[in-house]
Each structure stands twice: as C-alpha cells, then as structure tokens.
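Engineer: The structure's right below; bear with me while I get my questions together.
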C-alpha cells in the first residue's frame with residue numbers, strides 16, 4: 001500500500017477579533033457623552049431639551065458605521081482605538097456646545113459651533129470609513145513615499161504667501177470655511193519619513209567617528225537631518241507657526257531614532273534646533289515676543305499673555321475635582337474652544353477629570369506603540385510608531401503650552417478642539433493606525449511544506465520467509 005504525502009499547513013492560533021467588545025464600548029462612550037450633555041444642560045439651562053438626545057443617537061450611529069467598516073474590512077483592529085476616540089470626540093462636542101451656550105448669553109446671538117463640529121465629525125468618520133475601505137494593506141503607502149513627502153511640503157508652503165491671520169500664516173480661506181493644510185502635512189511627511197528610512201536605512205546607520213560612547217553619523221549622511229531642520233525653522237520663521245515646526249521636527253527625530261537606535265541622531269538634531277531657535281529669537285520679533293510671554297505672561301498681557309493668565313486661573317479655580325460641567329467661567333478664556341479647551345476641562349472637571357482625559361490619550365498612544373511592536377514589516381513598525389509618537393508629542397505641546405511648561409504654540413487637542421482640519425486629519429491618522437493594527441493582529445498563515453516520508457509512512461509487518 002502506498003501512502004500519499006499531504007502538505008502540512010501551520011496556522012498561528014487566531015486572536016479573538018473583539019468586535020462585540022468594541023461595539024459595547026462605543027455604546028458606553030455614547031452614554032457618557034449624552035450624560036455629560038444632560039449635566040451641561042441642567043446647569044446652564046435648568047432643563048433638558050429632549051431633542052438633544054437625538055444628537056446622541058446620531059453620534060452613536062456615526063461611530064456604529066465606523067465599527068461596521070472595521071468589522072467588514074479590518075476585523076482584527078485593536079478594539080480600544082475607536083471607542084476611546086469616540087469618547088474624546090463626544091466630550092469635545094459637549095464642551096463646544098457648553099461654550100456656545102455661554103456665548104449666546106453674553107452676545108445675544110445664536111452660536112452654532114457645536115453643530116459645525118458635528119458636521120466635521122461626520123466628514124471625519126466618513127474619511128475614516130473611506131480609508132479603511134480603500135487601503136487594503138498599509139504597505140501600499142510605502143510606494144508613494146516620495147509623492148507623499150512632496151505633497152506634504154507643498155501643503156506646508158501654500159499658506160506662506162497668504163495674509164496672516166491670528167498671528168500666523170497657517171490658514172487657507174474659502175467661501176464659508178477654511179482649512180489648515182499643515183494638519184495633513186504631518187501624516188504625509190510621516191509616510192515619507194518611514195518609507196525613506198526603510199529604503200535608505202544604510203544611509204542612516206553608516207558608522208562614523210566615535211565620541212563619548214556614541215557613534216556619530218558621517219558628515220555626508222547628515223543631509224536628511226539638515227533638510228528637516230531647514231523645513232522646521234522655515235515654518236517657524238516665515239509662517240510664524242511654532243507648533244507645527246516643533247511637531248514635525250520632533251516626529252522626525254523620533255522616527256530616525258527608532259529606525260537607527262542611535263542617540264547621536266537625536267542629540268545632533270536637538271543641537272541644530274536649539275541653534276536655529278536661538279538665531280530666530282535674536283532675529284525675528286514675533287519669536288522674541290512669544291518667548292517673553294512664556295517667561296512672564298503677567299507682565300505681557302497686551303501681547304498674548306492674557307489668555308495664558310486666564311488659563312492658569314482656570315486650572316486654579318478647578319482645583320482637584322473641578323467646578324462641575326456647566327458651572328465654570330470658560331468665557332474668560334480667549335480661544336477656549338480651540339487652543340485652550342484643556343484649560344476649560346481643567347476648570348470644570350478638575351485635576352482628577354483632566355487626568356482621566358489624559359489617560360484616555362495615553363491608552364491610544366500605548367496601543368499604537370504596541371501595534372508598532374507587533375507589526376511584522378519595518379515600514380509598518382516605523383509608521384505606527386511615528387503616528388503614535390506624533391499624538392504624544394502634540395498632546396505634550398498643547399498641555400505644556402496652556403500650563404506654561406513650554407511656550408504656547410497654537411496647536412489643537414486631537415479630536416476634542418474645535419476645528420475641521422484637525423478633526424479630519426486625525427481621523428485619517430486613526431484609520432491608518434487601525435489598518436496597521438489589523439495587520440499586526442491578523443493570524444499569520446505559513447506556507448505549506450511537505451513532511452518527511454518517515455513521519456507519515458504507515459507501519460507494515462513483514463513476514464519472515
């Protein structure tokens with residue numbers, strides 16, 4: 001009897017998709033959002049307008065559609081990413097609505113910032129679903145690395161010749177709305193950084209001289225770092241956008257360090273940025289004013305210190321447990337719904353509530369870094385780590401700015417601050433991170449291989465003749 005050999009296919013034990021848990025957490029996020037809205041209405045209007053419950057239903061329906069897209073196109077996505085972002089977005093909508101109520105009482109006009117933000121949430125979730133549908137594999141982005149980099153640079157350069165608005169050249173005005181192209185540049189440039197670092201890794205890891213225990217790069221290999229430095233300083237000087245400059249440069253240094261594991265790149269980068277910032281401080285008036293406001297906002301109230309002072313007063317008023325949703329005085333803070341929304345939460349939720357919000361961001365960042373660790377390809381590792389690090393850096397810049405830990409930069413808080421460009425760009429960022437997460441958690445199917453004939457041969461009894 002002849003035994004036919006069968007190929008053996010080994011399959012990695014599948015992880016549970018956890019899609020039902022994600023749906024349950026989305027419901028929980030919707031309940032918290034509606035409850036926060038009810039508290040604001042009770043404290044501000046002394047009643048609850050029941051039609052607002054419809055907004056809660058619309059809100060949950062939006063994210064349920066995003067959940068269905070994940071279930072259909074990326075079922076192994078980390079189940080915590082979407083619910084946490086939904087909760088952050090929902091709380092941001094509640095606070096923007098709360099600020100609308102204050103503005104209505106003060107000015108007598110009907111403000112609709114919350115409705116506009118809800119519309120941008122719809123656009124952002126639609127973009128999330130579109131990316132999840134179209135982008136079947138995150139490695140496809142590596143093919144367009146140079147195109148992404150060029151497009152990102154164009155987006156950065158477009159506002160430079162346009163008129164200055166609110167102290168910076170970062171906006172492009174259209175009839176009825178405006179966009180901030182730098183929000184999309186950070187994603188495009190991260191794709192470019194990751195693609196180049198994977199394709200040209202030898203350029204960044206070539207050994208140079210040794211100094212104080214560090215391996216320095218060769219002088220001719222410093223061109224990419226110098227290019228990033230020139231771009232960052234140019235944005236800071238010519239567009240007066242310190243936040244984007246700091247965010248892009250710090251993200252580049254993080255990705256370079258993760259790709260090379262050489263501290264020398266980071267140290268050289270920090271030295272270059274410090275030198276450029278110092279020269280800019282003594283050369284350009286707006287940089288000098290920004291630093292003076294940071295050093296002593298109380299004596300520079302007329303040139304930007306007033307809003308920082310009011311932010312500090314809000315944190316002091318909130319204390320440990322806050323004044324309660326709807327019981328604060330956010331109208332005292334200029335740009336409360338954009339640059340200073342963290343200060344508003346700090347006043348009404350206190351240190352405990354603000355720490356909880358920061359913990360939600362921390363979970364998203366940590367899950368993004370875990371995705372980077374679990375991803376099997378180098379491009380996915382660098383891109384996921386870069387996206388997660390960008391969120392962490394942006395959160396640090398925003399939080400540090402409103403507490404005077406660092407100079408105020410004008411960046412917005414992801415998913416919470418008012419602004420369509422920021423919301424849309426961060427949902428695209430989330431979709432890419434979710435796609436990489438699906439790839440990292442998806443069971444790995446190995447190639448079939450033939451087993452040894454000895455292993456499958458049956459035992460035969462041979463009679464002695």
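Every residue gets a Cβ built from N, Cα and C, even glycine.
Copied straight from Swiss-Prot:
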TRANSMEM  21-41  transmembrane segment
TRANSMEM  50-70  transmembrane segment
TRANSMEM  76-96  transmembrane segment
TRANSMEM  115-135  transmembrane segment
TRANSMEM  179-199  transmembrane segment
TRANSMEM  222-242  transmembrane segment
TRANSMEM  243-263  transmembrane segment
TRANSMEM  264-284  transmembrane segment
TRANSMEM  308-328  transmembrane segment
TRANSMEM  340-360  transmembrane segment
TRANSMEM  382-402  transmembrane segment
TRANSMEM  414-434  transmembrane segment
Engineer: I'm a bit unsure how to read this: which one of 179-199, 243-263, 264-284, 308-328, 340-360 has the highest number of Cβ pairs shorter than 8 Å with the transmembrane segment (382-402)?
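Structural biologist: It is 243-263, which has the most Cβ pairs under 8 Å.
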Engineer: Near the transmembrane segment (115-135), which residues from the same chain, at least 6 beyond its ends, have a CB less than 8 A from one of its CBs?
Structural biologist: 55, 58-59, 62-63, 65-66, 69-70, 73-74, 89, 92-93, 96, 141, 418-420, 423-424, 426-428, 430-432, 434-435
Engineer: Looking only at the recorded stretches 21-41, 76-96, 179-199, 243-263, 340-360, which one has the largest tally of CB-CB distances under 8 Å to the transmembrane segment (50-70)?
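Structural biologist: Of the candidates 21-41, 76-96, 179-199, 243-263, 340-360, 21-41 scores highest.
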Engineer: Give the one range among 21-41, 179-199, 243-263, 308-328, 340-360 whose Cβ atoms make the most pairs under 8 Å with those of the transmembrane segment (76-96).
Structural biologist: 21-41
Engineer: For the transmembrane segment (179-199), which recorded stretch in the set 21-41, 308-328, 414-434 gives the largest number of Cβ pairs separated by under 8 Å?
Structural biologist: 414-434
